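Enquirer: Grabbed the feature section from TrEMBL, which reads as follows:
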| type | residues | note |
| --- | --- | --- |
| BINDING | Asn7, Glu385 | Mg(2+) binding site |
| BINDING | Lys14, His209, Leu210, Gly211, Asn212, Gly213, Asp283, Met284, Arg285, Gly331, Val332, Gly333, Glu334, Asn335 | ATP binding site |
| BINDING | Arg94 | substrate binding site |
| ACT_SITE | Asp151 | active site, proton donor/acceptor |
| SITE | His183 | site 'Transition state stabilizer' |
| SITE | Arg242 | site 'Transition state stabilizer' |
Amino acid sequence: MNILVINSGSSSLKYQLFKMPAKDPICSGLVERIGIEGSFIKHTQFLNGQKKSTEKDSFIANHGDALKQVLRLLSEGEEAVISSPDDISAVGHRVVHGGEHFSGATLITPEVKQQIKKLFSLAPLHNPVNYKCIEVAEETFPNAKQVAVFDTAFHQTIPEEAYRFAIPEWYYKEHSIRVYGFHGTSHKYVSEQAISALNRPEAKLISIHLGNGCSMSAIKGGKSIDTSMGFGPLSGLMMGTRSGDIDPSVIFHLMEHSGYSLEQLSALLNKQSGLLGVGGSSDMRDIGKLVAEGNANAILALKIYAYRVKKFIGAYAAVLNGIDAIIFTAGVGENDQAMRAAICKEMEYLNIHIDEQKNTQYKGSLLDISSEGSAVKILVIPTNEEYEIASQCYGILVD
Ligand SMILES: Nc1ncnc2c1ncn2[C@@H]1O[C@H](COP(=O)(O)OP(=O)(O)O)[C@@H](O)[C@H]1O
Ligand SMILES: CC(=O)OP(=O)(O)O
Ligand SMILES: [Mg+2]
């Protein structure tokens, strides 16, 4: 059985085709910098233990176009891996917001699609795109099962004192206003990898997912007990284009004194803030170049970014009553050694000591970059949301 997984992030579209139940990848790839200058597709095929990669630069305006190009790559030309749409038995979709309705992998029906649609305004950079990808996949693979795996699912174990806001109960009961948390599939995957590498099922972990969207999760005994994103994927850390935590008084002020509309406020906090708003680009690689040129705004953006992560490490050390390991993952977490060093600097009080040398040696598989004397392990772990989605998808199809 072949399962195709589609993972639409806010700036990227990642995909992997797996042969199940062996979970062997047939091909994988990613489309990056969607909607900004310099977008590209990288496609990798796995054949008899060998990897063959190709890269193509072409401007890709949105996720629908990205997916259409990917589907062409899978079925046409030299790289083709399927000869008919029926070669795909199921498509596993990452869906970011599942609200209170979904906690496990779910077969997509018209009702499920309606629920995903209802949550558009709570995850405006994600759920509309996830919905679009479901529609394109339904058209392309009419006989395949379509399955949704929600980012919110892993955080269902967060206790009430952490998931409830300090507002009257009515808003929770009537409007389901609470912390949901996101990037759950990634936090689950990397924390399981860490637990197995440390051989400590009860480990106290802080998972730090730094991509275009960024979030952290405090994990104890394999379960999420708190996370930095909340009702939607907007709160907590500074991100590519999202502000992260901001005092709600700023919103009242802009509405009252500058006549901001709902749309303007949503665009400001979701699309014009974060690294882009402070530093001039949403992409950390561009920020790195600007910093090298001495750009003061980009330097400040990096400082705010690292400072927020440090603050949440302190908060989660308290919540967990200690830390066994912190995990860096996703685009920035895996690839930006300078950011890892900046975050881990001056953390002696928490017994976090990075080994500067090991920090330069990450090559795409789990690496411990803590120094000998560090009581807290610092792990860099490549996330693999697609693998986790394929596993969960297969799980519900064979049950
Ligand atoms: N070599 C690198 N150095 C620094 N940042 C990187 C590098 N490679 C990718 N990134 C950053 O990773 C981010 C995208 O992460 P990713 O996890 O793919 O995002 P998404 O949230 O879209 O899934 C971008 O800000 C990009 O600049
Ligand atoms: C939830 C979220 O922010 O996802 P991504 O980082 O993939 O945009
Ligand atoms: Mg992502």
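These residue numbers are counts, starting from 1, taken along the chain as shown.
Using N, Cα and C of the backbone, Cβ positions are placed for all residues, glycine too.
A TrEMBL annotation is a machine prediction, not a hand-curated record.
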Enquirer: Going by DSSP, is Glu385 (Mg(2+) binding site) part of a helix, a strand, or coil?
Expert: helix
Enquirer: At the level of the C-alpha atoms, what whole-angstrom distance separates Glu334 (ATP binding site) and His183 (site 'Transition state stabilizer')?
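Expert: For Glu334 (ATP binding site) versus His183 (site 'Transition state stabilizer'), the Cα atoms are 15 Å apart.
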Enquirer: Return the residue, from the listed recorded positions Lys14, Arg94, His183, Arg242, Arg285, with the maximum count of other C-beta atoms within 10 angstroms of its C-beta.
Expert: His183
Enquirer: At the Cα level, what's the spacing in Å between Val332 (ATP binding site) and the residue listed as 'active site, proton donor/acceptor', rounded?
Expert: 19
Enquirer: Using the alpha carbons only, what distance in Å do you get between the residue listed as 'active site, proton donor/acceptor' and Arg285 (ATP binding site) once rounded?
Expert: 26
Enquirer: Could you list, ordered by sequence, which of these recorded positions: Arg94, Asp151, Leu210, Asn212, Asp283, Val332, have a Cβ under 6 Å from ligand 1?
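Expert: Cβ under 6 Å from ligand 1: Asn212, Asp283, Val332.
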Enquirer: I'd like to know which of the binding-site residues Leu210, Val332 has the most other Cβ atoms within 10 Å of its Cβ.
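Expert: When each Cβ's neighbours within 10 Å are tallied, Leu210 leads.
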